[in-house]
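According to TrEMBL:
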BINDING   180-187, 205-209, 226-229, 293-296, 321-323  GTP binding site
BINDING   Ser187, Thr207  Mg(2+) binding site
DOMAIN    1-173  domain 'Obg'
DOMAIN    174-339  domain 'OBG-type G'
Amino acid sequence: MVDYVKIHIKAGNGGNGHVSFMRLRGKPYGPADGGDGGDGGNVYLIAKSDLSTLIPYRYKKDFKAENGSIGGKNHKKGSGGDDLYLSVPAGTLVKNEKEQVLIDITDLNAPVLVAKGGKGGRGNAHAKMSDIRHQISEIGHLNFENDKWEALKKAEEGKPGEEEILILELKLLADVGIIGLPNAGKSTLLSKLTLAHPKIASYPFTTLEPNLGVMEQKGKDLVLADIPGLIEGASSGRGLGDQFLRHVERTKLLIHLISASSDDPAEEFETINKELGGYHEDLSKKPQIVVLNKIDLVNKEQVNKKVKALKAKKIKVMLISAVTNEGLERLKDEIISRI
């Protein structure tokens, strides 16, 4: 999953002002009438619903808005440069090179300015009338060759557009995150609670990127995310690493899934919580619903033994089988009550 990229953006430069004079009968040079240059185009980021990753920026890294055009005669202003809109997924953080957060883009279809175009230069029509009157009174007409009046035949250059190096980091906008060790059944649970169809198989690390789905229950719609399997050392980059832990940050609630076939469910619980805290201490403090999954694969005595082991650690646990749907309605109700 492409969820972290660095890009270079450049707003358009302002167009140069124009130098021209009105042609008046009997006079070599009339009043200055050079128009202003057009403003350079801005660069915007805009969140779009059809994007779920930053893959458009995997290879293309440089983006530039259009420059403004030069002014014209008869006070004609140059045309402004076209603005550039770069689409990103909702949940994109915009940072500077020092990793300081500048913007958090969460609203769809709301353009966010990230680089302003340069102002167009002023044409010589802006020459001070006092200077013109002074010249006429002194020598009788506008002397285009006299260096003393050089300002009358000059226009301003356009200002450069803003230029930035930006880091884009995607953090999924999900209400609920499903976490657990590889093969705990997270993808199966997501598919049963929502309309999502993640890749599912009976071996670890089937899920190589987060999947999203919408759960509908009691008139509420909640976005659920299946966070790829975490392992010991994930917060320091081991396995699929900390690249997925960032997606847990925005969630309001975590479903902590543990397989009933685990030899030590309490230890698994502590392993995952340790990795959450290792990435950021606030993650381990997020509210959790601890769920023992795959109870269809073990006998009742084994289930009771594992529930007892969890309760000994003061861990309240719900029992489900995502495959047979046992306990799923109760889990849905619990999720709704906790949001």
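Start at 1 and count along the chain as shown; that gives each residue its number.
In case you wondered, yes, glycine gets a Cβ from its N, Cα and C as well.
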Taken over the domain 'OBG-type G' (174-339), the model's mean pLDDT: 83
Intrachain C-beta neighbours of Lys294 (GTP binding site), sequence separation six or more, cut-off 8 angstroms: Gly185, Ser259, Ala260, Ser261, Ser321, Ala322, Val323
Among Asn183, Ser187, Ser321, which are binding-site residues, the residue with the most C-beta atoms within 10 angstroms of its C-beta: Ser187
Number of other Cβ atoms within 10 Å of the Cβ of Lys186 (GTP binding site) across all protein chains: 28
Surrounding CB atoms that lie within 10 Å of the CB of Gly180 (GTP binding site), all protein chains: 26
Per DSSP, three-state class assigned to Pro228 (GTP binding site): coil
